[in-house]
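K.L.:
For reference, the structure I am asking about is given below.
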């Protein structure tokens, strides 16, 4: 059995230091989206809203290459490149858990020359890799937003949650524990740059012989808010 560390990352405001969708606003006339379009988000959800944004940009002569160039200009979050280049490649696997546009994700990762670091996202990734002879004694979850909270509840005492400082996930962890007694079993390591993550994780590689919990992911049961 091969033992590795699995790192699951959000994309917007985690791997990259911006929101890949809203970064396109700068391509609109006067760099603004009309209020009547913005209202669609509350009425029909984000996907429908962004589809209308793309149509609006197209009507205003924004080309495919304009969009791709805009995406290419989004920087990686500080220290992220060093994280990917420093952690042992043969002992680390990365996946992205995100509701961002997958075409945007692929294009940005390819442009930054880090697409090869990431495997395809699978619904039951840990189980499928275990069947292939790979075990993850430690998991790291790196995120920033409110939607990143639920995955954190699945982690165990061996694992680490890395919420970005001054973003919603860190505040949500504290609020959910205080108001709803929802406590994350994993250790919590707030981060400002990805170098903070790197400094925490490097020592993990010297202790990959710790026992894995069974089942590997914790089931918090029904959640009532």
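Each residue's number is its place along the chain shown, starting with 1.
Just so it is clear, glycine is given a Cβ too, placed from its N, Cα and C backbone atoms.
Since the structure is predicted, the reported quantities are computational estimates derived from the model, not experimental observations.
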K.L.:
Taking TrEMBL at its word that 10, 12 bind Mg(2+), choose the one of 99, 106, 144 listed for that site.
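P.N.:
Answer, per TrEMBL (Mg(2+) site with 10, 12), from 99, 106, 144: 144.
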K.L.:
Can you name the residues of this chain that are 6 or more positions from residue 21 (substrate binding site) yet have a C-beta less than 8 Å from its C-beta?
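P.N.:
Residue 21 (substrate binding site) has long-range Cβ partners 12, 46, 50, 53, 100, 101, 104.
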K.L.:
Return one of helix, strand or coil for residue 12 (Mg(2+) binding site), based on DSSP.
P.N.:
strand
K.L.:
Taking the mean position of the Cβ atoms of 10, 12, 144 as the Mg(2+) site, which residues outside that list, in the same chain, have a Cβ no more than 8 Å away, listed in sequence order?
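P.N.:
Filtered neighbour residues, in order: 11, 13, 14, 15, 98, 143, 145, 148, 164, 167.
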K.L.:
Least buried of the recorded positions 10, 12, 99, going by other Cβ atoms within 10 Å?
P.N.:
99
